[in-house]
Amino acid sequence: MRQTKTGILLANLGTPDAPTPEAVKRYLKQFLSDRRVVDTSRLLWWPLLRGVILPLRSPRVAKLYASVWMEGGSPLMVYSRQQQQALAQRLPETPVALGMSYGSPSLESAVDELLAEHVDHIVVLPLYPQFSCSTVGAVWDELARILARKRSIPGISFIRDYADNHDYINALANSVRASFAKHGEPDLLLLSYHGIPQRYADEGDDYPQRCRTTTRELASALGMAPEKVMMTFQSRFGREPWLMPYTDETLKMLGEKGVGHIQVMCPGFAADCLETLEEIAEQNREVFLGAGGKKYEYIPALNATPEYIEMMANLVAAYR
């Protein structure tokens, strides 16, 4: 009997191709047109998106991207490529492809790349440690659309999330310990996760529970008292309520209350990107210090660290 050949598809959100208003506009249009991201009535949303949001936000967001852009592209793309290459080296007999929900390389190009390698089975690993319908759900939807157009469909194993995976928690804990050793132990470790509208959670998205799971497991691995670890949510968009407490408002409050030293980690981001390097490491640092805080450090994402790559290898091994 012929042995099954397995390929791995690493999936992430995506990024503009360049830090220009035109490239950012193309990316935001695709991203904000996904009903998994914004489920507002199209009759109301299309005029607002095309007539107001894209013209106004694209130039401003392009400047933010330019402030963090790297020689090889956006940070998310650079680190995602490093993850793909490192995992391929770790698993030399297994094809590894990278696909993005929005922008390029697309999920479809990643699937085609694996099919060109004659794989019979694809393990899909969305690089979102905590499930949400707006991220992991978007990968699932697009994958289904892609495969619906194929005459032959490979076997699919879809990893929902890894919020409490032992290797993931240990990698986070070791990263925190290294930061504490370098900068000193802070008064508070703040874990900032990307937010979603509160309505999504009310309708059944278990994302906040998965974030709480990671927070609890990480605090336990570090042996930190509950009052020394706080969970917040960042990057809200629009006017409706999002998951709370909000990261920026919390940092302002903590600075005003006299908390002197904070370190911030974003466990939900598999790779550093605009939201971590600009929003958290820069904007929110200014918020905290401007409110009276004394010392603020951002703990980088796991990116392509050996521990994280080993976690990926172990995670997909159960499905190969």
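Including glycine, each Cβ sits where the backbone N, Cα and C put it.
Copied over from Swiss-Prot, here are the features:
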| type | residues | note |
| --- | --- | --- |
| BINDING | HIS194, GLU275 | Fe cation binding site |
Lowest local Cβ density among HIS194, GLU275, which the record lists as binding-site residues, within 10 Å: GLU275
Helix, strand or coil at GLU275 (Fe cation binding site) [DSSP, three-state]: helix
